[in-house]
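Heads up, here are the entries from Swiss-Prot:
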type	residues	note
ACT_SITE	363	active site, proton acceptor
BINDING	11-14, 25, 76, 81-82, 103-105, 140, 154, 169, 227, 333, 351, 366, 377	UDP-N-acetyl-alpha-D-glucosamine binding site
BINDING	105, 227	Mg(2+) binding site
BINDING	380, 386, 387, 405, 423, 440	acetyl-CoA binding site
REGION	1-229	region 'Pyrophosphorylase'
REGION	230-250	region 'Linker'
REGION	251-456	region 'N-acetyltransferase'
């Protein structure tokens, strides 16, 4: 086992022609995150001293998307093979460090497998990640003598006997910096593809008497690459099934694990229940006994104990204290905050608004840029008119206020404690405590009124 420092090289220069997309292949997302970001995260979790990202196609988009402080951007202007890609990064290698080679389109490689690979790397030799396949067609074969790895032969260059070998190269390896630089300098493109294969260094190491140790991943999905959208979709389901299994074993009740997506992280309490077709994005926290109805989307939000979110509600960048109820068909936008026991019903939208303890907005309401006190009733059709066409303004409502249906609160405006606002009122001025406010056009009755008759 090597105790050397370690840097990581991630190959991410490919165009991804079979994705049929203008987006670089490695920026296509898995579980809501670019594939290459999964690999960068694994490198960081391993404690890499540096991460060298070899890029080519779509470099500007890559730079706009990835913002890791320790990324060293290495341009591969021409894509002439994996060995050529590593040659571009080689000037940045330290002689006394280990270099781990990863791929931006192999997103599910686990930290645990990479730790085992690093631990298995012999001094002065190479650690190689391999798998055995029933159908190895198209993959580089691992050649052995007396069970010792001697080289890798690409499928197009393999003999018929070599093509019967089931152990294949995953492309992931680790070697010392000084050794790797020396071997990379010796690579040639004398092969069927006319490319520089990184795999040729295995034979070089063997000829020098260096040991090559093969390690197998825990799961085949860890080393599956993505070349088209079908493969990406399959890996997405593999990843989601793994997340669902972990949650079920940790006590979360997923009504249908096959219809649940976690696209980020979830912290959860006890006795959490999640119905079908729920999507959790970003960093989500669910307290004890939280219930999430079917079809809900929750992003970067904290949901307190005993909250219930009814079906088809969307909660984004919001904070819910204990015992709140939401939906169905509610939308909490960034900055929404519900204090203990608050209720937001169907077709209610909140943004940058706080709803106090025990307060209710039952239906068909917009609350934006608002501070609403405790024990307030917001009637159906109420709107905080917060935008004047250029700027946003705030509405402040005190405690124990009753807001009748179809009320418009034209901000900036402040409503005192204990106020009653009659249905159909347009509030344009501040209201003092305990006042009744109404503004209606006088009701007109015309006896004997007849409706117009259509002209023929």
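Residue numbers in this text run from 1 along the chain shown.
The backbone N, Cα and C atoms fix where each Cβ goes, and this holds for glycine too.
Tell me about the surroundings of these features in the structure.
Under the DSSP three-state reduction, residue 363 (active site, proton acceptor) is assigned to strand.
The Cβ of residue 11 (UDP-N-acetyl-alpha-D-glucosamine binding site) has 54, 82, 85, 86, 101, 102, 103, 104 as same-chain neighbours under 8 Å, each 6 or more residues away in sequence.
Residue environment of residue 227 (Mg(2+) binding site) contains 14 other Cβ atoms, counted within 10 Å of its Cβ in all protein chains. Secondary structure at residue 227 (Mg(2+) binding site), as computed by DSSP, is coil.
Taking a C-beta cut-off of under 8 angstroms and a sequence separation of 6 or more, residue 387 (acetyl-CoA binding site) has the following same-chain neighbours: 368, 393.
In this model, the region 'Linker' (230-250) carries an average pLDDT of 98.
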Out of 14, 363, 386, 423, the recorded positions in the record, which is closest to residue 105 (Mg(2+) binding site) when you go by Cα distance?
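Of the recorded positions 14, 363, 386, 423, 14 has its Cα closest to that of residue 105 (Mg(2+) binding site).
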If you count Cβ atoms within 10 Å of each one, which of the binding-site residues 333, 440 comes out on top?
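Result for the most crowded candidate: 333.
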Starting from the Cβ of residue 81 (UDP-N-acetyl-alpha-D-glucosamine binding site), draw a 10 Å sphere and report how many other Cβ atoms land inside it.
21
Using Cβ atoms and a strict cutoff of less than 8 Å, what residues sit near the region 'Linker' (230-250) while being 6 or more residues removed from its termini?
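Distant Cβ neighbours of the region 'Linker' (230-250) are 19, 28, 30-31, 35, 107-108, 221, 224, 257-258, 260-262, 266, 268.
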Rounding to the nearest whole angstrom, report the longest C-alpha distance spanning 380, 386, 387, 405, 423, 440, listed for acetyl-CoA.
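Binding-site diameter by Cα atoms for acetyl-CoA: 23 Å.
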I'd like to confirm something. Which of the recorded positions, 14, 81, 227, 333, 363, has a Cα closest to the Cα of residue 380 (acetyl-CoA binding site)?
363
Neighbour count, 10 Å Cβ-Cβ cut-off, for residue 14 (UDP-N-acetyl-alpha-D-glucosamine binding site): what number do you get?
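Around the Cβ of residue 14 (UDP-N-acetyl-alpha-D-glucosamine binding site), 23 other Cβ atoms lie within 10 Å.
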Under 8 Å between C-beta atoms and at least six apart in sequence, can you list the same-chain neighbours of residue 423 (acetyl-CoA binding site), or say none if there are none?
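Expected: 379, 404, 405, 406, 407.
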